[in-house]
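Annotated features, as they stand in Swiss-Prot:
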- SER74: active site, schiff-base intermediate with substrate (ACT_SITE)
- HIS79: active site, proton acceptor (ACT_SITE)
- CYS94: active site, proton donor (ACT_SITE)
- SER74: pyruvic acid (Ser) (MOD_RES)
Amino acid sequence: MQATTQIKTPVVGKHVYGELYGVDEALLKDEERLRKIVIEAAHIAKMHLVEVNSWRFKGGDKEGVSVIALVLESHIAIHTWPVYNFATVDVYTCGEHSDPMTAFRYIVSQLSPKRFTVNYADRSFK
């Protein structure tokens, strides 16, 4: 009888990112609401939240909010440009059990863009 050995990939990296167009300007300025969205996205995607930081920037076309959640598996980030009704979303996870696409879809559902792009990159160690 021959033994079967399963070789595991040492690092499983899943990266989902995209751009959201036509998002409500007031929502893109609402730092507290964006923080709550990121926290819930981490929860439903089976990520372990370590810390959330956010910053509100004021001034013309540079105005916006950035929210970055450090999760045990990696990170979630939202950056907004309210004057353009535009946001970027970045969800990167390491590990087999977390689901960055679920987090991305949740964020999109909460921001309700008129249109969006989504990209996926396998960033696993091979």
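Each Cβ is built from the backbone N, Cα and C atoms, and glycine gets one as well.
This view paints the features noted in Swiss-Prot onto the structure.
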residue	record	DSSP class
SER74	active site, schiff-base intermediate with substrate	strand
HIS79	active site, proton acceptor	strand
CYS94	active site, proton donor	strand
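A separation of roughly 6 Å, to the nearest angstrom, links the Cα atoms of the residue listed as 'active site, schiff-base intermediate with substrate' and the residue listed as 'active site, proton donor'.
The local packing around CYS94 (active site, proton donor), expressed as other Cβ atoms within 10 Å of its Cβ over all shown chains, amounts to 17. Each residue contributes its Cα atom, and for CYS94 (active site, proton donor) and the residue listed as 'active site, proton acceptor' those atoms are 21 Å apart. Sequence-distant neighbours of the residue listed as 'active site, proton acceptor': residues of the same chain at least 6 apart with a C-beta under 8 Å from its C-beta are GLY64, VAL65, SER66, ALA87, THR88. SER74 (active site, schiff-base intermediate with substrate): 20 other CB atoms within 10 A of its CB, across all protein chains.
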